[in-house]
Each structure stands twice: as C-alpha cells, then as structure tokens.
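Quick notes on the structure that follows.
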Amino acid sequence: QIQFADQKQEFNKRPTKIGRRSLSRSISQSSTDSYSSAASYTDSSDDETSPRDKQQKNSKGSSDFCVKNIKQAEFGRREIEIAEQEMPALMALRKRAQGEKPLAGAKIVGCTHITAQTAVLMETLGALGAQCRWAACNIYSTLNEVAAALAESGFPVFAWKGESEDDFWWCIDRCVNVEGWQPNMILDDGGDLTHWIYKKYPNMFKKIKGIVEESVTGVHRLYQLSKAGKLCVPAMNVNDSVTKQKFDNLYCCRESILDGTTDMMFGGKQVVVCGYGEVGKGCCAALKAMGSIVYVTEIDPICALQACMDGFRLVKLNEVIRQVDIVITCTGNKNVVTREHLDRMKNSCIVCNMGHSNTEIDVASLRTPELTWERVRSQVDHVIWPDGKRIVLLAEGRLLNLSCSTVPTFVLSITATTQALALIELYNAPEGRYKQDVYLLPKKMDEYVASLHLPTFDAHLTELTDEQAKYLGLNKNGPFKPNYYR
C-alpha cells in the first residue's frame with residue numbers, strides 16, 4: 001500500500017510561524033529526501049520569514065516562483081557555471097540542439113534535488129525546447145542560491161532549503177496546479193510528484209505522455225501502480241539503467257559518503273553498512289580505503305556473497321550494534337534501524353542514511369519526552385538518553401550526502417544526461433512503441449551517454465573490425481550489451 005500525504009489539507013491555510021517550525025522537524029513517511037548541500041549561502045541567514053510570505057519578483061517582473069531570496073541569483077549563477085565545466089554531455093546536447101528542438105512542445109514538471117547540477121539539466125531541457133516547472137524532492141537538498149538563479153532566468157521554481165512537510169506538498173502543487181498549463185511529461189525522483197498528480201489530478205495524469213523516474217523508491221512505486229493496473233502512461237525506469245546504477249549509485253556514493261559524516265576519524269573505526277547494493281558497495285569501498293573495519297548486513301544472498309568476496313564481514317545488525325561507531329543505511333527499505341537498535345548503540349555512535357527515503361531509520365521513535373534533542377549545527381543533532389548516552393543523528397535520517405555535503409558533478413552529469421535522453425525518447429516515441437508500463441532505457445542510449453563522457457579523459461575507444469563484429473554477432477556501433485544487462 002502506497003503511503004501518501006493527507007489529501008484533506010488545504011493549501012491556502014497558513015500555519016503560524018511556530019507551527020511551520022515544528023512541522024519542519026516532523027518525520028514524513030514519504031520519500032521527501034535525498035541530495036543537499038550544507039554550503040548554502042542562506043544557512044546562516046537571520047531571516048525567519050517563510051518564502052511563502054514574501055512578495056518577490058525577478059528582474060523581468062515575473063513572480064511565478066517561490067525561493068528563499070531572489071537576490072542571491074548571482075551567487076547561484078556562478079555555481080551553475082562551475083557545474084557546466086564538469087557536465088560535458090549535457091553541454092554537448094545543447095550544442096547539437098541548436099538546430100533541432102527535440103523537446104519542442106514538451107511541458108515538463110519536475111521534482112528532483114535543486115542543485116547546480118540540476119540547474120544545468122533544466123537549462124539544457126529549455127535549450128532543447130521544453131517548458132519546465134520544478135519543485136524539490138527533498139526538504140533539505142535545495143541550494144537556495146541556485147533556486148534563485150533559476151527563478152531569475154525565468155524558470156518557475158518552488159523550493160528552498162529547510163521546507164516543512166506542508167511547504168513540500170504546497171511547492172509540488174504550485175508546480176502542477178497552474179491555470180492554462182497542462183504538463184505532458186514528468187521527471188521525478190522518489191515518486192512524490194507522480195503520486196500527487198495521480199491522486200489529486202487524475203484527469204491531468206491521464207494526459208501525461210511519459211514519466212521518467214530515477215530513484216529506487218520511485219521505481220518501486222511505479223511498479224506497484226503497474227501491477228495494480230493503474231499506470232495509465234508509459235514510464236522509464238532510469239534508476240536501473242547501467243549509467244545510473246554503475247555510476248551515480250556506486251561512484252557518487254563512494255566519493256560523497258565521507259564528506260557528510262562530521263569530523264570523525266575513519267581509520268580504525270567500526271562501521272556497519274546496511275545493504276550491499278550499488279550504494280552500499282560505494283560506501284564500503286570508501287570506508288575500507290580509509291582504514292575502517294566494515295561490517296555489512298544484507299537480505300539478498302547474491303549481494304551478501306559479493307560482500308564476502310570483497311572482504312567484508314556479513315552480520316546481522318543485532319550482532320554488532322553495541323560495538324560499532326557508525327551505522328549507515330543503504331537499503332531503500334523502512335525501519336532498518338529500529339528504536340531497539342538505537343537504544344543499544346554505544347555513546348557517540350553516528351547514525352545516518354544514504355538511501356533515498358527517510359524511512360530507513362525509525363527517527364519518529366526518538367521523538368519522545370524522555371529523550372532530549374540538541375541541535376549541533378545544520379543537519380546534525382545529538383539525541384540524548386536519560387543516562388547521558390547520546391547518538392549523533394545526521395540530516396534527521398534523510399539522505400546524507402545531499403543534506404550534509406555535496407556530490408561529484410561529473411557523476412551527476414551521467415545521470416542527468418540519461419534523464420534528458422529518456423525524456424526525449426518518451427516524448428518523441430511513435431504511437432504504440434511504449435504501452436502503459438515501466439521500461440528500461442535502451443542499451444544503445446546507455447552506451448551513448450557513456451561515450452559522451454569519454455573525451456574528458458582523452459579516452460580512445462577501440463573499434464571492431466567487420467570480421468570481429470561478425471564473429472561476435474554485433475553491430476560495429478553497438479549496442480554491445482543485451483537489454484537484460486545491468
């Protein structure tokens with residue numbers, strides 16, 4: 001059963017400032033989380049006024065946006081320009097689109113992390129001919145200055161760092177519920193936007209031409225809809241494309257896991273990583289390289305055997321919970337770390353999540369009168385037990401790397417290019433190519449995305465001879481992998 005926000009809430013009802021503040025610390029069962037940066041210019045702002053209470057206009061006089069502070073646009077523009085240098089494939093798509101506009105007429109509503117990398121993707125989609133409206137998929141992941149830069153450029157963006165749950169759904173609704181604007185494509189990360197439209201605007205949902213989803217959580221929700229016979233539009237599962245699984249999930253997490261976990265020394269520390277999928281593999285590789293003693297928990301015998309072959313000790317969480325210094329969840333599941341586990345942890349244990357959903361750690365169970373919460377800094381909390389024991393909880397159990405640090409731009413270039421090509425494919429597909437189901441990106445496109453990034457390394461591909469291609473039964477230009485390859 002898909003859990004969903006209370007549909008009875010009235011968007012025009014305004015909570016008081018105190019009410020909104022308390023909401024911002026509430027725990028949602030939705031997947032409102034993932035990437036974010038602690039390096040936002042507004043983290044130290046004394047301005048407590050909600051963006052929803054501000055009247056802001058960009059330099060062109062438009063007010064069709066809601067960001068923290070439109071005056072920060074110049075800072076955001078600089079960050080976007082830096083990101084462009086590390087996103088060669090998207091810049092190549094822009095160059096090739098100068099003559100043709102494969103997304104002309106596309107009206108894309110998006111719900112992803114609003115970072116400099118996403119801004120490059122959005123501006124690329126605009127260059128390809130699309131109109132876009134955007135909200136954030138994570139209440140902590142928005143870079144306020146980047147959102148301001150996008151709003152200044154004319155993109156209707158509704159997002160700011162530190163939204164409440166009410167703000168989160170309000171922003172999504174502002175993207176969707178616009179008089180005279182019918183979206184025909186969805187780009188989602190986590191499934192919240194898709195299900196908001198599906199539940200609240202069913203007639204609008206039926207007119208959608210295609211959905212592109214990039215997270216484990218969102219893909220799972222799409223398959224649930226499909227299995228129930230309720231998915232009435234074709235959807236592209238980008239999460240399980242090779243260029244997402246083997247690059248974003250693995251290499252991105254390998255490089256970003258260390259940045260967000262406070263200033264603890266990793267050498268010699270005992271760490272348990274829950275889940276040995278691509279995210280877990282990346283985290284374990286980084287921790288092992290830093291000299292940590294790494295344990296792994298798994299439910300899947302194949303992933304479990306991979307962990308063993310990679311030199312990690314496979315355990316049950318209960319077996320090591322009293323001795324480990326760091327607990328990292330990477331499963332996409334719920335209640336992986338329960339209140340019982342939290343009660344048994346040692347003093348100063350760091351607890352954090354690298355999966356998309358904020359459901360892996362049972363943070364709600366910690367909001368009880370006997371426990372004291374102490375804010376250390378943005379997205380870092382002490383939770384203190386009556387006997388004085390404390391744990392360090394990062395990002396309130398939401399996605400660590402984008403809530404507490406940043407992620408490598410080059411890896412996100414690969415994912416963003418995959419998303420762009422998936423949108424182009426679905427939007428331009430002839431009638432009947434895609435039915436009302438969930439599809440994987442064709443391998444030819446996966447390989448094309450990879451090839452666009454090779455020039456950065458001055459890498460030179462070997463070409464098959466005619467004789468070799470015939471021997472292998474392949475086309476000289478690919479695809480080189482079968483559709484089932486992951």
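Including glycine, each Cβ sits where the backbone N, Cα and C put it.
Annotations in TrEMBL come from automatic prediction, not curation.
Bear in mind that the values here come from a model prediction, so they are computed numbers and not experimental data.
TrEMBL has this to say about the protein:
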| type | residues | note |
| --- | --- | --- |
| BINDING | Thr115, Asp189, Glu214, Lys244, Asp248 | substrate binding site |
| BINDING | Gly277, Glu278, Val279, Gly280, Lys281, Gly282, Glu298, Asn401 | NAD(+) binding site |
| COMPBIAS | 14-23 | compositional bias 'Basic residues' |
| COMPBIAS | 24-43 | compositional bias 'Low complexity' |
| DOMAIN | 249-407 | domain 'S-adenosyl-L-homocysteine hydrolase NAD binding' |
| REGION | 1-63 | region 'Disordered' |
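The Cβ neighbour count for Glu214 (substrate binding site), using a 10 Å radius and every protein chain shown, is 27. Sequence-distant neighbours of Gly282 (NAD(+) binding site) (same chain, six or more apart, CB under 8 Å from its CB) are Asn249, Leu250, Tyr251, Cys252, Cys253, Arg254, Glu255, Ile257, listed in sequence order. Annotation for Lys281 (NAD(+) binding site): spatial neighbours Leu250, Arg254, Gln306, Asp310, criterion Cβ-Cβ under 8 Å with sequence separation of six or more. Cα distances from Val279 (NAD(+) binding site) to the binding-site residues Thr115, Glu214, Lys244, Asp248 are smallest for Asp248.
Among the binding-site residues Thr115, Asp189, Asp248, the ones whose Cα sits within 10 Å of the Cα of Glu278 (NAD(+) binding site) are Asp248.
All protein chains shown were included, and the count of other CB atoms within 10 Å of the CB of Thr115 (substrate binding site) stands at 26.
Look at the Cβ of each of the binding-site residues Asp189, Asp248 and count the other Cβ atoms within 10 Å; the largest number goes with Asp189. For Gly277 (NAD(+) binding site), the Cβ neighbour count at a 10 Å cut-off comes to 20, with all displayed protein chains included. Averaged across the domain 'S-adenosyl-L-homocysteine hydrolase NAD binding' (249-407), pLDDT for the predicted model comes to 92.
Just so you know, the Cβ of Asn401 (NAD(+) binding site) picks up 29 other Cβ atoms within 10 Å once every protein chain is counted. In this structure, the CA atom of Asp189 (substrate binding site) is 18 Å away from the CA atom of Gly277 (NAD(+) binding site). The NAD(+) site in the record is lined by Gly277, Glu278, Val279, Gly280, Lys281, Gly282, Glu298, Asn401, and its two most distant CA atoms lie 22 Å apart. For the substrate site listed in the record, the two most distant Cα atoms among Thr115, Asp189, Glu214, Lys244, Asp248 lie 18 Å apart.
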